[in-house]
């Protein structure tokens with residue numbers, strides 16, 4: 001259940017009747033401020049270079065893979081060797097330290113830091129006449145920077161940023177790649193170090209590496225590092241940096257490798273997770289159609305960030321949303337609302353909820369593309385988080401849609417699953433549902449079919465559920481439920497409803513409808 005602050009923020013940004021259009025779309029609320037660990041469907045913040053028992057190390061001198069024996073040394077021996085001033089001892093000790101830091105489980109990062117070895121490792125990065133030592137030091141520092149924020153800080157404080165940026169241009173490809181990897185870990189720590197890297201002019205040398213001659217594995221690392229430079233907000237990356245990186249991301253979006261596509265789409269999702277001006281910069285690249293193509297991908301690692309990016313775009317202006325509609329987003333959303341993965345259902349419903357916050361012509365395009373039926377199905381039997389997004393979609397739709405559009409949604413069977421969700425514990429979602437029900441009643445009033453809607457709500461068990469909310473702990477829920485009952489289910493309305501009590505015919509309910517043609521009923 002969302003926190004009060006999170007839910008209030010969401011309600012504040014939710015489309016309401018009479019509000020300015022800038023308030024009509026909701027932004028993604030990020031609940032957690034702590035660093036997320038790698039999930040299967042989320043991009044990795046930091047990565048360690050892990051070694052295996054039979055080590056293969058690229059020898060810069062021979063440009064070939066060689067099996068090497070790394071000595072087992074104690075930490076004390078490593079400290080002595082790295083400070084010995086003897087080239088051979090420095091290399092052996094640095095390799096031993098790197099091996100310690102490359103253990104798959106529980107590498108002793110803090111032991112190495114507390115031994116005061118970081119300044120020496122950074123110094124070794126400048127040993128251009130000993131590329132093997134450079135590489136080993138770069139690898140060791142990469143793994144320290146892959147740790148906690150404090151561990152990354154120790155690498156930065158040791159002066160590693162300018163040293164690694166210098167190594168991007170190393171003539172030895174594997175050293176250059178290790179430097180890019182380390183910089184990706186530093187950028188992934190958060191906006192402070194991301195901006196420190198940008199201030200040190202990291203972007204131009206990185207961009208020169210994106211060319212047809214770059215090996216695939218290396219290009220994957222570069223793409224991941226570029227995506228980390230686009231990541232994080234509070235503050236967002238400087239717009240000048242975004243404009244530098246975007247043309248290269250545009251090229252990478254056309255690549256065929258799934259890892260490169262995944263990281264490029266994540267970069268796009270970060271760049272669109274902000275103000276309308278930031279969304280506009282991405283929309284103007286002409287990439288929206290390509291993003292929507294990637295939403296058809298069977299690879300979850302590509303589908304998730306491309307859907308997130310398009311979802312961010314439709315939080316923007318009506319014009320930006322229309323760009324996504326024109327590129328075909330409404331054709332792919334039905335299958336995503338029925339996706340086997342609940343997280344995809346939720347993201348698709350979130351995107352749809354923001355499209356539904358648009359003007360009636362955009363809502364009509366939703367109807368034309370067959371989105372009402374999968375939306376109602378999701379309300380009926382989706383994962384709870386996806387159902388909550390579907391509720392927002394329905395409420396936005398009923399707020400901005402025409403009477404005829406609201407009628408079409410009701411005819412698709414939206415009322416029953418909507419009313420059934422009134423028994424959940426989430427107060428804010430209940431309020432959103434009550435808002436949708438109120439909107440549907442307003443449409444019924446305009447058609448003169450309020451009484452029939454009252455009967456339908458009662459027949460579906462909705463009146464009982466709304467009445468039960470009058471004892472709800474949340475005062476806003478209590479007042480909203482009471483307002484609905486007093487307006488539509490009491491006094492004269494109740495008498496009129498009784499007069500319309502359905503009689504059971506041979507195969508259906510029939511209504512006693514004085515002075516009205518049955519054909520006029522639309523619900």
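Every residue, even glycine, has its Cβ placed from backbone N, Cα and C.
According to Swiss-Prot, the feature region 'Disordered' maps to 1-22. Summarising the annotation, Swiss-Prot assigns domain 'IBB' to 2-57. If you look up Swiss-Prot, you'll see 7-22 marked as compositional bias 'Basic and acidic residues'. Positions annotated as repeat 'ARM 1' by Swiss-Prot: 109-151. Look at Swiss-Prot and you will find 152-196 tagged as repeat 'ARM 2'. Positions annotated as repeat 'ARM 3' by Swiss-Prot: 197-235. Annotated repeat 'ARM 4' per Swiss-Prot: 236-280, in sequence order. If you look up Swiss-Prot, you'll see 281-320 marked as repeat 'ARM 5'. Sequence annotations record features per position, and here Swiss-Prot assigns repeat 'ARM 6' to 321-362. As annotated by Swiss-Prot, repeat 'ARM 7' applies to 363-402. For 403-447, the entry in Swiss-Prot reads repeat 'ARM 8'.
With a threshold of 8 Å between CB atoms, the same-chain residues lying at least 6 positions outside the repeat 'ARM 2' (152-196) that come near it are 35, 44-47, 49, 58, 60, 113, 118-119, 121-122, 125-126, 131, 134-135, 138-139, 141-142, 144-146, 202, 205-206, 209, 215, 217-218, 221-222, 224-225, 228-229, 231-238. Here the repeat 'ARM 7' (363-402) returns a mean pLDDT of 98 for the predicted model. Under 8 Å from some Cβ of the repeat 'ARM 1' (109-151) lie the Cβ atoms of residues 35, 46-49, 57-61, 75, 78-79, 82-83, 87, 90-91, 94-95, 97-98, 100-102, 157-160, 163-164, 166-167, 170, 172, 174-175, 178-179, 181-182, 185-186, 189-190, all in the same chain and six or more residues away from its ends. Through the fold, the repeat 'ARM 4' (236-280) approaches residues 28, 43, 191, 194-195, 198, 203-204, 207, 210, 216, 219-220, 223-224, 226-227, 229-230, 287, 290-291, 294, 297, 299, 301-302, 305-306, 308-309, 312-313, 315-317, 320 of its own chain, all at least 6 residues removed from its boundaries and within a Cβ separation under 8 Å.
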